[in-house]
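What follows is a short report on a single structure.
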């Protein structure tokens, strides 16, 4: 396919020392053959951003999106760390210990779905800031309740804000990174173990020293609400158990700081690809010019560039190559709310519009379901299991919380290895995920068979190393394989299914934990192995293609 009439476009720098010429004559670009009009415009945007390299704007986006990842794991880890202290103060039984994790997962599930869809409707800009704002407000309130039910309600709202972070932040980062820096999508996940380490460090500083502890008989003090408590007997009061509250207040303050950086310090521009899909070419040009100015450059994209492509595309005889993406630009501006909702729902059909895309979508969903199944159990119960195992071999609570910091530091090199595998052709994204998920499952099974201080630290560190490596590649790769008009929705739906099953898994694991300390480990490991099988079946050709 070629263009039938001359197309005048500005000169665009493709890479240092190499320029593409779209002027003074007939235009023919083999890379644009077979693309839809939207994809052609998106390709011009890609080339414009490629010419910037990793400019100052791109680095700001990278770190601010990384802070979204950090918030996700700050809280995912924190609830596992504070739950034992909560249980002692509120007096709920072992079977109820999973409720806080399920409450958080319920919020995450709703957040992943709602924000994943909204990011493709209201735009990246609003969703980018609102998710962290919600997490900040309800995160600060978490330390206030004096009942377990109050904590559960606020935990769900925190989860709703946090749940949108990963699908939104990966989508945003992908749409502003140059093509040869897409491995940084995997490196985003380095903020997750950092969040875990920060959360563990704060908990280590407060919980062992500001908790109820044991009574004169060296048994844990009972809850003051206990029906079996004798009048005047010592019990675990709120005033003597402030450690978990101090921990959550610190995490809320971190979220507020991140929101301030996102909303006040840095002015985020809407994604040009979102604007193109919404038929706002003029605004997309304006954004590209602002980004170029921020990076100290001149933008080579003008409104005439997009108009020329539009006119040329309209003159083509064969329109069979157009993707089934409904027009959400001018059509939505004149539609009722009911009609707008119907238009938006049409986008979801893209995920099943062809057999390869349907196969990819289903396998991605299975991978997320059982990945989240496994690591939600691990993140929720490994701290409790480690406390119980260490108590059996006379290791103090303070030493155990110190060991948490050691264990979770290992996630940082795990992410770095995942990033390296991301760009090695013979390994690449697929086999990096297959190998790391399999080794994550193996480490969980091995941990169930031993109980020494060295093995407990080593196997927990191994589990978190490969969990971090696996998720680094998975989160970075997912938005790459879906087109921009459906990218946020596709990533959000994948997270939604994962989060949905992570509501159920802690409840099952809590019941197993009340019967056997190793039961949750086998449950988590089995789920991770299902993800491994789904990844083996994943189409390799979807890995690392051009992203529109």
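Including glycine, each Cβ sits where the backbone N, Cα and C put it.
Matching 16-42, 151-177 against TrEMBL, the residues noted as transmembrane segment span 151-177.
If one looks beyond the transmembrane segment (246-265) by at least 6 residues along the same chain, the residues whose Cβ comes under 8 Å of a Cβ in the stretch are 64, 67-68, 70-71, 74-75, 78, 81-82, 128-129, 132-133, 135-136, 139-143, 198-199, 202-203, 206-207, 210. Within the same chain, residues 77, 183-187, 189-190, 192-194, 196-197, 200-201, 204, 431-432, 436, 457, 460-462, 464-470, 472-473, 476-477 sit at least 6 positions outside the transmembrane segment (405-424) and bring their C-beta atoms closer than 8 Å to a C-beta of that stretch.
Counted over residue pairs 6 or more apart, the CB atoms of the transmembrane segment (350-370) and the transmembrane segment (184-207) come under 8 Å in fewer than three pairs, which marks the two as apart. When Cβ-Cβ distances below 8 Å are used as the criterion, the transmembrane segment (59-80) is approached by residues 100-101, 104, 131-132, 135, 139, 155, 158-159, 162, 165-166, 168-170, 172-173, 176-177, 184, 188-196, 198-200, 203, 247-248, 251, 254-255, 258, 261-262, 266, 268, 376, 379-384, 408, 475 of the same chain, each at least six residues removed from its ends.
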